[in-house]
Amino acid sequence: MSPSTSPRFFTERDVACHCTKESCWVLLGTRVYDVTSFLRMHPGGEALILRRSGNDVSRYLEGPPHRHSENARRWMEQYYIGELERLSGDDEGQALRKRKKSREEEQEAEWMKENKTEVKEEEEDDLVTRCSSVDLNKDLVDWQKPLAWQVGHLGEKYDAWVHQPVDRPIRLFGNPFLEAGTKTSWYWVPVVWLPIVFFLSWHCYSTLAQGTTRVVLTSDVSIPVHKYLFLPLFLMGWFLWSFIEYCIHRFVFHMKPPAHNYYLITLHFLLHGQHHKSPFDGSRLVFPPGLASLMVGSFYVVLSNTLPDIVGICVFVGGLCGYVVYDMIHYYLHYGSPKRGSYMYSLKAYHVKHHFEHQRAGFGITTKFWDRPFNTGIPDEKF
């Protein structure tokens, strides 16, 4: 609902009627929110919201056990649909509307007066601004145009802007072919890569089963590689991928581009910034196969030049399998509804906190393991 639109009014009975997956409303004081589309995105699970549907959730936002971040509160404003009308009777209802309308007109007049003065505040990072309703018509970019060529002009405002998420799809390019190339349905990841994983796994195991593979240490010393070593080598590759996943996410995707560099800001936005700006854009939650092939190819070249031929391929196929699992888990963390108390439930909560509150921490996706030794973990918190 646009901030400039007059609010609708609902009775408590109206709100209480919307308590299902098909239509779920909640209250925040006297403000009414339709959170139906957010149910499966909620890190605590949809059941947690459904149990509180039709009621005031103010105390749950403040905690304990979990105090919601400023970005989470700002995000909620996108689902605002109106106000609660507590008065009974037509005359009192009309009086309430008149008072609210008068108050809105006074606020609008004050806003116009303030905007005529040329007072500029560079740092508008206070609670009121960050938690206010998202008005896309007054944003730093024009959402009616492709964003790829606009974000580079944000300069020092880019980092704060990109970490204030919105619930809407992003158009990166005006060219429909370029735009289509940036979108990938989740199922293309297993369709493209799993056949390669299965073929290379069979190739490696059958080659090792011949019993002729040896790792040459010196001209006189070599070690036989038995077929039963395929699984340890495969798991080694998977473990190696988990470290690469962490490093890419932390040092590439979360680099802070210089405020004066238009091209690095644009590159960052295309690689990962757009995902933080619109974290639930389902068409951009997995890597496009074309872009992923560059990373996969580099991984293969490094391993094939570092390790003996078939050994390198064994490690590579484990890493490739790890990548497929990574992309699938990442998609599930955004759109899945894991069972409360499960490993995936804790990962989902961890990853959503990374998006909304701890953008400079919590870089592990499939595991929190590497966040621990590098001291980038997010404190545990119950939902």
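Cβ atoms are placed via backbone N, Cα and C, with glycine included.
Any TrEMBL annotation is an automated prediction that lacks curation.
All protein chains included, H42 (heme binding site) registers 19 other Cβ atoms within 10 Å of its own Cβ. The heme binding site feature in TrEMBL is assigned to H42, H68.
Cβ neighbours of H276 (Zn(2+) 1 binding site) (same chain, under 8 Å, six or more residues apart in sequence): V162, H163, P165, H355, Q359. Taken from TrEMBL, the feature Zn(2+) 1 binding site covers H249, H254, H272, H275, H276, H334, H351, H354, H355.
TrEMBL lists H330 with the feature Zn(2+) 2 binding site. Residue density at H330 (Zn(2+) 2 binding site): 22 other Cβ atoms are found within 10 A of its Cβ, drawing on all protein chains shown.
Marked as domain 'Cytochrome b5 heme-binding' by TrEMBL: 7-85.
Feature annotation from TrEMBL assigns transmembrane segment to 186-208 (among others).
Under the heading transmembrane segment, TrEMBL lists 228-248 (among others).
Residues 181-184, 186, 188-189, 192-193, 237, 241, 244, 248, 275, 312-313, 315-316, 319-320, 323, 327-328, 330-331, 334-335 of the same chain sit 6 or more residues outside the transmembrane segment (285-304) yet have a Cβ under 8 Å from a Cβ within it. Among the features that TrEMBL reports, transmembrane segment is placed at 285-304 (among others).
Residues 186, 189-190, 193-194, 196-197, 200-201, 203-204, 207-208, 213, 215, 225, 229-230, 233-242, 244-245, 282, 285-287, 292, 295-296, 299-300, 303-304, 344, 347-348, 351-352, 365-366 of the same chain lie 6+ residues outside the transmembrane segment (310-333) yet bring a C-beta within less than 8 angstroms of a C-beta in it. The transmembrane segment annotation in TrEMBL covers 310-333 (among others).
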Requested in this report: Check the Cα-Cα distances from H249 (Zn(2+) 1 binding site) to the binding-site residues H42, H68, H330 and tell me which is shortest.
Outcome: H330
Report summary line: Sequence-distant residues near the transmembrane segment (186-208) by C-beta distance (under 8 Å, 6 or more away from its ends) are 225-227, 229-230, 233-234, 282, 285-287, 289, 292, 296, 310, 313-314, 316-317, 320-321, 323-324, 327-328, 331
Report summary line: Same-chain residues at least 6 positions away from H272 (Zn(2+) 1 binding site) with a Cβ under 8 Å from its Cβ, in sequence order, are V252, F253, H254
Report summary line: Same-chain residues at least 6 apart in sequence with Cβ under 8 Å of the Cβ of H351 (Zn(2+) 1 binding site), in sequence order, are P43, H330, L333, H334, G362, I365
